[in-house]
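Visitor: Attaching a single structure in structure tokens format; questions to follow.
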Amino acid sequence: MSILPVLKHPDKRLREVAKNITLEKLRSKEVQALIEDLTDTMIADDGIGIAATQVGTPHQVFVLGGKTRHDAQVFVNPKIVSFSQRETYMEEGCLSVPGVYGLVKRPVKVRLKALDRHGKPVDVKATGLTAKVFQHEVDHLNGILFIDKAERIVSGGLKDGAAGGAGGDPSRTRI
């Protein structure tokens, strides 16, 4: 498919609240192509997640990474329905805020309900990095960036030029 340009902060479209996708719309060639393009874009930009709002499309959909299209997971109309009381600080980065990282406090565990790319219900419990990515991407779909929640912002590139989880420092991930 295509690698899409990722919007960069302070583009106002990053602050849009995405709209739910109907089952009919989800099954359309347009939305299925968007899902493929989001996956290709995330992989090409060495991210571990990407939301439709990051490419200027205000649809409630995000992709959680893998090294290939087949490894990627798609979440449509996602909602975090529960989270742990225990929180932890983790450093986050973002494809839409390049070269900037921040210390963000988030719940350690979350439960997310959504639809998959075919419209089937998904109910996932996640901890650690996956829980962080879920929260980060749902924030994107609500017009919120990690820099809005970060308690400490650090500018600078990755330690060895690669994204965390892809040969770089895993504590520095671009979501």
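Each Cβ is built from the backbone N, Cα and C atoms, and glycine gets one as well.
Curation plays no part in TrEMBL annotations; they are all automatic predictions.
What TrEMBL records for this protein is below:
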type	residues	note
BINDING	Cys94, His136, His140	Fe cation binding site
ACT_SITE	Glu137	active site
Visitor: Distance check, please: Cα of Cys94 (Fe cation binding site) against Cα of the residue listed as 'active site', rounded to an integer number of angstrom.
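Guide: So the Cα of the residue listed as 'active site' lies 10 Å away from that of Cys94 (Fe cation binding site).
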Visitor: With a radius of 8 angstroms around the mean position of the C-beta atoms of Cys94, His136, His140, what other residues of the same chain does the Fe cation site pick up?
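Guide: Result: Gly49, Ala51, Gln54, Glu92, Leu95, Ser96, Glu137, Asp139, Leu145, Phe146, Ile175.
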Visitor: Using a 10 Å cut-off, grab the number of neighbouring Cβ atoms around the Cβ of Glu137 (active site), all chains included.
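Guide: Result for Glu137 (active site): 25 neighbouring Cβ atoms inside 10 Å.
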Visitor: Just counting, how many other CB atoms are there within 10 A of the CB of His136 (Fe cation binding site)?
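Guide: Other Cβ atoms found within 10 Å: 25.
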